[in-house]
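A short worksheet on the structure shown next.
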Amino acid sequence: MALPAAPADRRLQPEPDEQLHLNHRELGELALPQEPDTEGIPLHSPWTFWLDRSLPGTTAAECESNLKKIYTVHTIQSFWSVYNNIPQVTNLPLRWSYHLMRGERKPLWEEESNAKGGVWKMKVPKEASSLVWKELLLATIGEQFTDRCAPEDEVIGVSVSVRDREDVVQVWNGNASVVGEATVLEKIYELLPNTSFKAVFYKPHEEHHAFEGGRSRH
């Protein structure tokens, strides 16, 4: 599915429970979309933007409470409106993350719709983070990974996390048992041939020692 270029800034009016509430000055004032997401070119499925902050030693409840829903997009136009109105990755403070998840699932390992899946995880140079994040977003909502997964699997989300020396990106899938049939990494390398990825690996959620903790992991 080819996506048109970003249109001029259109603002959507999010429903009350979709608004992002930030109390951190370093993120600045978020320009919220202003108009209902009812028109435009529909996406194959809705996708939800999330924001959170990951801190070492926090409890499961604290991890989930740090998770903020930004907006659920249903069209290409609403995707661009949200993308253009949230801070760029380069403006996020250390240990903050963006996620885009299929439907309204949360970026939590133990979420029922995620629990049997896993992530491809890789480090990227900070100067490449914004480009990598944008390209992965477009590939994800454009369903460019569909034929790179097993028939009984799909990509269900992407994440970018700001870290000290290098940032981290993750691509989530729903069925870790068939990951051997996937060529998702090859597609990522095709999309971003000039990016130097490091520490690239796949890990099922259930193999994490803290899997039962119910935390957001990135």
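Cβ atoms here come from the backbone N, Cα and C positions, even for glycine.
Note that the structure is a prediction, hence the values are computed from the model and not measured.
Summarising the annotation, Swiss-Prot assigns mRNA binding site to Trp109, Glu110, Arg163, Asp164, Arg165, Glu166, Asp167, Val168 and lists similarity to another entry as the type of evidence. In the three-state DSSP scheme, Glu110 (mRNA binding site) falls into the coil class.
Per Swiss-Prot, the feature compositional bias 'Basic and acidic residues' maps to 8-20.
According to Swiss-Prot, the region 'Disordered' annotation covers 1-20.
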Select the most exposed residue of Arg163, Arg165, where exposure means the fewest other Cβ atoms within 10 Å, treating these as the binding-site residues.
Arg165
